[in-house]
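Trainee: A single structure is presented below for examination.
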Amino acid sequence: MAKEECITQWNKTGDTSTLRNRKIFPTSEKTPSTPLSKDKSSLSEDDTQSSNGTSAEWSARGVVSNEPPSRGLLMLVVGLSFSTRLYKITEPPHVCWDETHFGKMGSYYINRTFFFDVHPPLGKMLIGLAGYMTGYDGTFPFIKPGDKYEHHNYWGMRGFCAVLGSFLPIFAYLIVLELSQSHTAALITATLLIFDTGCITISQYILLDPILMFFIMAAVLSMVKFNQQRYRPFTASWWLWLVLTGVNLAGALGVKFVGLFVVLLVGLNTVWDLWRILGDLSLSMVEITKHFLARVVGLILLPLLLYITIFAVHFVVLNKSGPGDGFFSSAFQSRLIGNNLHNASMPEYLAYGSTITVKNLRIAGGYLHSHWHLYPEGVGAKQQQVTAYLHKDYNNLWLVHRHGDNESQSGTPDLVRHGDIIRLEHKETTRNLHSHLHEAPLTKKHFQVTGYGINGTGDTNDQWQVEVCGGRKGDLVKVLRSKVRFRHRATGCVLYSSGKTLPKWGWEQVEVTCSPYLKETPSSQWNIEDHINPKLPNISLSVLKPHFLEILLESHIVMIRGNSGLKPKDHEMNSKPWHWPINYQGLRFSGVNDTEYRVYLLGNPVVWWTNLASLGLYIIMVAVASIALQRGFSLGQKRIEHSLVLMGKGGLLLLGWLLHYIPFYTMGRVLYYHHYFPAMLFSSMLTGITLDILLKSADLLLRPPYSDWLQRVGQMVFLFSVLYSFYLFHPLSYGMTGPLAHEPGSAMAGLKWMDSWEF
């Protein structure tokens, strides 16, 4: 039987030697095994088991005798990473940037108060847990940036994010070391990330970004480790890294939906891995099926189970009514303690003379709402605004009248039925719900809806016909359970929530129109939520509580629509994706003028521009290497290995960068500079491999020892440039006071290299 030969090669990388292994396919004759060293186990002729995992041990062709990471270098990376992130972690002692959102949400978890956010809950849950475990009591209001923390214990939440952010250079070091088997490449990557002011800043505050990037990098590291176990299938270490990959995928997706990008990266890697296994003719179909099912369990079912569990915990913890109630359906709200629908009782059927709130069935469609403000000049008729409002409010209350007259003040009121003509009077302003042939403010093919008349007087344009969806004439309108449409008698259109956000004159509430398109959709369907009528008996609403899968589905629809609704507002800073790789513009985390403590999120320009240059350099080097290999040039064993690492392992990192960057060009939502940081991690890892191989190619220009000297000089120039630029720009992360950069006497004088930088 033919036997594979394991050829070892020592490749000098800086001051560390790394054992290299190259797999050679079987030849027609056996080759005696040769000990690698006294410390390295040799391969005997008996080591010829199949790689299918059913043998007692793994095959000789799968033995990968990688030199373990240098403990000294790893400890250096760990020490520098943690010290740069935890330094001045309590400064400034006030709310910075999005801490006002995520710190507040952490408080909601501690207080068990329900809220709405466009991101999945894991990151906020962990922030709340970190605060709770370090003595924070959840009482700080987090109203706006700049508010002083005073006696409140905020350091635990910041420290938790900083610790997770400290793992990013460590994970990157281990990933690159695993891919390239080069300590030099790994150290270049770690240096880029440790001394990047942007990575430091984004790790030091109560934000989701360091938590998200922790899970992304942990997933990639687990995937790479799992790939290295490919010739040891179904062993304990093989299962460990498979399971850890799935766990971290669930973590990334549980923090933000952009975690889908790393899910896609792992998915593509898995498809390629399975394709390779399918081509291994030594494996039976049973063994191939075992490989497939193991990946389905570890990379699909396990992450899905964990992701659902995150939401289960989220719903159990947040069981009290809060500011997020109005984004969800009436049935959803009925499960929240303190909500007016929780264990509530009210009249079962809608009646004339009742005071009601009317909720649109579109997710985040809002409550029918009005207020004293009028539509501005040039926006239809200058009458009272009618909108949909996402929060519970007194201005959501309406009185139900029979058209043309008022209800009697005594006796049992008549019930509203399918086909009845009604008039809805706004309780606060006494104006009637009204429509006419003027076009709507935003949805131009729809008609305007206004408040008209006074104290119940109006005209025929105030009349609406009640239609119970799926009902027949005479059917009663059930509170909460009936889906109802309101058809305008004069024009034939139906009351509609467009989901579009009105400008500031409409208080950025949701547009309500009258749609001439009569197809039944959630946007044209409403339900009666609150129902007050002391003349009618009440029933319990506890039967309306939804099942877990129903609230899970609804919460995802609300989050997705909330994300898509994050459009740039007037005069709001909106970063462009092409800005990010060139470090065009940062973000103010704290302070504006020279009297304030200023923190500015901006990447170390030397790091970011090195990454940008390395992307172009990588493409050139891959093109040259591909042509040389295709033409059969004599490159030597070492250079062939470098080319394979560059194209194979570097290609994986390039794919990771593309998946975490290119999709932002297709997004219509508002974008910010910090969205690029996951992609920046992949770019830095790719830079480590690219620069390492470039420097090792110095022998193409000079002979030893001059090539070695050139390599050392290149490494020293790189290290000095990164460290010196960090020395210059570190105040961006650790705080600036005094004059601004363009003013005399500033500590940052001369460092505003681009006019778009705002420090």
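Including glycine, each Cβ sits where the backbone N, Cα and C put it.
Those TrEMBL annotations? Automatic predictions, nothing curated.
So TrEMBL lists the following for this protein:
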type     : residues : note
REGION   : 1-66     : region 'Disordered'
COMPBIAS : 8-19     : compositional bias 'Polar residues'
TRANSMEM : 155-176  : transmembrane segment
TRANSMEM : 182-200  : transmembrane segment
TRANSMEM : 207-226  : transmembrane segment
TRANSMEM : 238-271  : transmembrane segment
TRANSMEM : 292-317  : transmembrane segment
DOMAIN   : 347-403  : domain 'MIR'
DOMAIN   : 413-469  : domain 'MIR'
DOMAIN   : 474-531  : domain 'MIR'
TRANSMEM : 606-629  : transmembrane segment
TRANSMEM : 650-667  : transmembrane segment
TRANSMEM : 673-695  : transmembrane segment
TRANSMEM : 716-734  : transmembrane segment
Trainee: Using DSSP, what is the helix/strand/coil residue split across the domain 'MIR' (413-469)?
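Mentor: The composition, in the requested order, is 3 helix, 29 strand, 25 coil.
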Trainee: Decide whether the stretches the transmembrane segment (182-200) and the transmembrane segment (650-667) have at least 3 CB pairs under 8 angstroms, with pairs required to be 6 or more apart in sequence.
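Mentor: Judged by the Cβ rule, the two regions do not touch, with the required three close pairs absent.
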Trainee: Is the transmembrane segment (716-734) packed against any residues at least 6 beyond its ends, judged by a Cβ distance under 8 Å, and which are they?
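Mentor: 87-88, 91, 188, 191-192, 195-197, 200-201, 204, 586, 599-602, 604-607, 610, 691, 747-748, 751, 759.
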Trainee: Within the domain 'MIR' (347-403) only, compute the mean pLDDT.
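Mentor: Summarising the domain 'MIR' (347-403) by its mean pLDDT gives 90.
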Trainee: Hey, does the transmembrane segment (650-667) touch the transmembrane segment (606-629), meaning at least 3 C-beta pairs closer than 8 angstroms, sequence gap 6 or more?
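Mentor: Per Cβ check, the transmembrane segment (606-629) touches the transmembrane segment (650-667).
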Trainee: With helix taken as DSSP H, G or I, strand as E or B and everything else coil, how many residues of the domain 'MIR' (347-403) land in each class?
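Mentor: Taking each residue of the domain 'MIR' (347-403) in turn, the totals are 3 helix, 28 strand, 26 coil.
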Trainee: Which sequence-distant residues neighbour the transmembrane segment (650-667)? Criterion: at least 6 residues beyond either end, Cβ under 8 Å.
Mentor: 179, 216, 220, 258, 261-262, 264-265, 268-269, 577, 580-581, 615, 618, 622, 675-676, 678-679, 682-683, 685-686, 689-690
Trainee: How many helix, strand and coil residues does the domain 'MIR' (474-531) contain under DSSP?
Mentor: 6 helix, 27 strand, 25 coil
